[in-house]
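K.L.:
I have a structure here, written as structure tokens, and I will follow up with some questions on it.
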């Protein structure tokens, strides 16, 4: 399992009703249903990934998150999860508000633009970084709203949301000691648990 | 595989005729004391009787869903999906398709004898509703010894039957597949149906529905009704791509056929008017108009599905303007609200409402993948959802 998914797995309370925004091939929901008796749905727009969800027996609803989540009522879920999709949204701030309207708690993971390799790339080469975490060129990337740990924490503060947990990820795992001591520079990936 | 081999593997059985003597009380207040249903089956029922799939037909359909009968030039209406290795795999599933009550392909309907009068039912055949059909289908399931369907599947009017199965017989259906359908017709939908009915009813050969007594049929009205229907089944893009503004010959500034689309609609309308019954068309379009399961729950569709236990798959098509994707999403949202298991896909297609009958790779894969989890073992699926409202406290 992807390291951010493994961490989320540990954070999910048994029996939770979960909405996974941009659920991809449904791996996380499948594992959460199996190990945590979690129920719920994935939202996804990619037909190929939707097919994999269906093949896994994961409930998936074709819906573009960019068009809003207004069809889902307040507090419909215990937990909303969004892995590696925030940076691809038109309005991540509005998406965050919507997530915390649908559920009291959400878990969000995104690539950390302040990762040292990215800083080095931009600083030394003067060009937008291309890496394993950010594999696209600037002109064809789906990642239109890149941010750093600090940016995201500031957004949460401004909106009055509470950061309950925060973990950071490097190459092979999440929460390595170096990244804990100096998370902004050394973490490729950010994982946040937030409550309203 | 040769044509004959694939027919053998399909294991088409029928058409069969089942007669029922237990009276069927209908929503309109009348009772059918005795009725018959014509059906076909494909594949083999397993020993546990857990692999039965019911396929519900749409407005113009009937029991012949797959394969060929002796002398057929075209296979059944959903042959693309039903067969060995196909999305509804007859190597795994035992598929049943019937002609609904009021139909004109063998089941009791306007062209059957009314035992009370000894004459054809004609226009006196009672108005049918979707729940009436579903009750009669449940009796057919009893007749075949099927307690619980692995899946009930249908498009358009068939999708309305599937929804009704999930609402009225929650413990008899493990999976519900609702395709290109709606939770109720819009005023525009009803308007098109009304124009179609008026076309039939104003045909001089209609004779208030007693046309057989006059040794005639309202072919012209039925043809017009089908032409109107056909326009709503296609998308503007599909019609444009297929026919454009192509002329059959030079313009002759008259009302004969000049454009290809005119020729096509007349041809389709003619074919239909020769093979379908006008009274059946009238009552089927009324059944469409009446369909509104939420009416019994103050319009609350989520409450309507409260007792459903099955897993749902809702499918819409991007260019369908008769029952738009938004109508399918209403069903999805109600099911999410009601805490039911549901998946939804919107298939990109240029073919309008008709897309649900046409081949499409994604459509077939979606059905196949969803059905890979469908079996009707009694405890199947009950572990995952339906925890009631215990999340509401959060």
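If you go along the chain as it appears here, the first residue is 1 and each next one adds 1.
Backbone N, Cα and C atoms are what each Cβ position is placed from, and that goes for glycine too.
Feature table excerpt (TrEMBL):
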ACT_SITE  B:156  active site, nucleophile
ACT_SITE  B:320  active site
ACT_SITE  B:353  active site
BINDING   B:226, B:354  substrate binding site
DOMAIN    B:51-357  domain 'AB hydrolase-1'
SITE      B:322  site 'Important for acyl-CoA specificity'
K.L.:
List every residue in the same chain as residue B:322 (site 'Important for acyl-CoA specificity'), at least 6 positions away in sequence, whose Cβ is under 8 Å from its Cβ.
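P.N.:
Once residues fewer than 6 apart are set aside, residue B:322 (site 'Important for acyl-CoA specificity') is near B:156, B:180, B:189, B:192, B:232, B:233, B:352, B:353.
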K.L.:
Which has the fewest other CB atoms in a 10 Å radius around its CB: B:320, B:354, the listed recorded positions?
P.N.:
B:354
K.L.:
To see if you understand the setup: which same-chain residues, six or more apart in sequence, place their Cβ under 8 Å from that of residue B:226 (substrate binding site)?
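P.N.:
The list for residue B:226 (substrate binding site) reads B:196, B:268, B:269, B:272, B:273, B:276, given in order along the sequence.
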K.L.:
What is the interatomic distance between the Cα atoms of residue B:320 (active site) and residue B:354 (substrate binding site), given in whole Å?
P.N.:
8
K.L.:
Looking only at the domain 'AB hydrolase-1' (B:51-357), what is the model's average confidence as pLDDT?
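P.N.:
Taking every residue of the domain 'AB hydrolase-1' (B:51-357) together, the mean pLDDT is 95.
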K.L.:
Would you mind checking how many other C-beta atoms are within 10 angstroms of the C-beta on residue B:156 (active site, nucleophile)?
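P.N.:
Other Cβ atoms within 10 Å of residue B:156 (active site, nucleophile): 27.
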K.L.:
Have a look around residue B:353 (active site) and count the other CB atoms within 10 A of its CB, chains all included.
P.N.:
26
